[in-house]
Structure formats: C-alpha cells, structure tokens
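See structure below.
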Amino acid sequence: MTLALDGQCPIAPLVPILGSLGSSEAWTDHLFEQSGAVVVSAMIGIVLLIAGSMLLLFGARLVKPVIFLCVFFWSFAVTFFVIEVLLSAEDATPTTSCYALLIGPVMAGLFLGSVATLLIDTAFIAVGSAVGAALGYVAYAVFFYQFSCGLTWLSHDLVYWICIIGSSCGGAFLLAQLELQLLIVATATLGGMVMVPAIDVLVLRRVDERFLWVLDATAFAKHFWSPFVLSQAIGAIALAIVGARFQMHQARLLFAYDRAGYVPFIPPVVYVRP
C-alpha cells in the first residue's frame, strides 16, 4: 500500500525526501511542483543554513545547541521514516497520516534532543553517530551503491543500511574517545554538509535545476563528475576545512589565554569541558 496524504498537508513536501530517504531521482521535481512547496522549501533552506553555520563555525562552543540540533534532526528523520512505513502498511486516512507525520517526529525530536542536552556524555555519542551516518550516506551514494547483496529491508538494499549503521557506530565510538579534536572536525564536517543543501535550495536551484542532483542519492552517484555535483562536493569539503581551522584557532587562543591567566572580554568560541 502507499501512503495517502493530502497535498495541502504542511508536511507533504517532506514525504518524498524523508519517506524514501532520497531513493528516487524524481523527488526533487515532485517537491517543487507542489502547491506552496517553494515556500516550505525556502523555510527548510533557511533553517538548514542557520544550523549549518552554527555547526561550521561554533560547533565546539555551542555544545548544547549543536547536540540538540543533531539529535533533533536525527530523531525527526528516523521517526518520520518509521511512521511513514507504518501508515503505509495500515492504510491510514489522509487526515490521520498528516497529523501523525506532523506531530510524531517533532515531539520525538524535541524530547530526545532535550534529553541529550542533559546527558552530555551520551550526547557526544549522538553527535558522532549523526556525523558518521551522514558520511556513510555519502559513501554509499558515491561508491557503494554499485554493490548489492540481494537482500532488501525497508525498500533499500542491505549494503545501504550497512553503510549508514556501520559509519554511525564508528563515528559514535571515535567521538566518545577523542572529544574536543573530533568534536571540532565532526561539527565542521557536518556544518559543511548541511550548508550545501541549504545553498542549493535557496540559491543554486534558481540558477539551474541540475544543482539539485546533489540532494538525491541516485542522481548524486550518476552525475558525480558533473560540475553541478562535483563543485558542490568540493565546496562542502572547503567549508569543512575553513570551519575546522577557525575552531582550532579559537581553541589555541583559549589555551594560550589560560596559561597566561588572561580572561578576554569576549572569550574564544571553543568548548571547554566542565
């Protein structure tokens, strides 16, 4: 069965993105064809741009907001995907589906994000998990999509889930072991990756729709060497490097101030574990 959802539902534009986790190249066209979807996509782009900037430049300073954002978006996406699968199986009405997809993921994200800010040690694992999963998705889209084991789970080949879950576990383990250094690298990397779709939705798609290829796993792999995709991949790496260098510079300043016993009027933007 397929999910029955009224096109007027505020959450409808996200169904092709989160419901399929980018498995269909057609979702970008579908997203911008819907009534009011341009407004929704612009709002999503602004939120991503703000979140990406925070992660990129201040990820090691704004620890609790960063942790909240990572856990919120991760919980929102997972809960949305699970609810979408359950509603499709139960043949729910459009009204029920709309309310469930609108309220459930938001409540889950707010709750788990709030809990994570109270449990810093656990929250570091959550941030590492989110970064690892993002890198695993990119690895699958660029290379591992070519391989198939013949087993499918939730509409995706098992190789897809191995990339996502394996990278997620690896990122969680590493960040739990090396906090500050990897926190800087992880938040800068995630910030660069988040800013790419934000710039895509807000600016580049108005120049050429082919820039949206970077948002689709299938198109990303198929057109990776196209300037519309490769340029954005390079841009994300460049942003991550700039963000990491900025945060590391701030960390060195803080350590120098600490040794000298100097307390600056505006402290450097770096996280110091209490």
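Glycine too: its Cβ is placed from the backbone N, Cα and C atoms.
Here is what TrEMBL says about this protein:
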TRANSMEM  37-59  transmembrane segment
DOMAIN    45-247  domain 'TM7S3/TM198-like'
TRANSMEM  66-87  transmembrane segment
TRANSMEM  99-120  transmembrane segment
TRANSMEM  127-146  transmembrane segment
TRANSMEM  158-176  transmembrane segment
TRANSMEM  183-204  transmembrane segment
TRANSMEM  224-244  transmembrane segment
When counting C-beta pairs under 8 angstroms to the transmembrane segment (183-204), the leading stretch of 66-87, 99-120, 127-146 is 127-146
For the domain 'TM7S3/TM198-like' (45-247), what's the model's average pLDDT? 80
